[in-house]
């Protein structure tokens, strides 16, 4: 009621002479100004929310339409032409999602990324179905010294455990990771193009390791790394960092998300805006790593080499628009001279 009385008093004074307005206590004038500012702020907030809802509605309709088209292509009889069209439309879906990151709610973003991962998995499966199967043939039996027949021994499996199956991470492709390294210390590790092409890579629980990934993976996840240097060729979709410390990462990708990571330098080429959350001491610089065959890997990845938003970063823990986030910064030029080899 006091705010209403204040407004009525100011209105009465304004209807009279300037002298009447000067008689209104300064405290009431200031309170009325604050009330008007708050009213304007709420009005602007409602307008912004309406715009965001309109954008989200457009995204949801466009995404659902294109997703249905890709699913229809993948359900039909498999052919190289249909799968190529499905791959192209799936790439368009990825671009739509990446271009909408700024206004999408976190839940909607995760749902979109999960849908993309599922479609990519089905596309990969259908492509494998088109590949010619190897013919089965019996091996000749060997005879021992006594002349008795012996059946070939069963193939020996590797004693090294396969990479662990992880629960589905935000935006990460679902069930399992195709290749990677885990639980190693002070090692120089490398995978080549034929091992990486369009596969999902997991690097986890590494300490003081140097990892070179010379090829075109589909996704890359780096988790629980300490003091590592990770150099990666162009990644077709997303790169995820989680719980890393004192690392150096060089990567080109469509989207980068960094969680719970500290004191890490990222040499980046990215076509969307990078995202950091619950991080500190993250430094960004342009992607400068190179290796023989990188041009072909960029071509296979579908990334636009002329587009690089390496210094466009959104911090989900820093909402002040006009104040720079203290959790990330640009790596000074004099500190970018890295000896990759």
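Each residue, glycine too, has its Cβ placed from N, Cα and C.
Matching 12-33, 34-55 against Swiss-Prot, the residues noted as region 'Disordered' span 34-55. Residue density at residue 79 (phosphoserine): 12 other Cβ atoms are found within 10 A of its Cβ, drawing on all protein chains shown.
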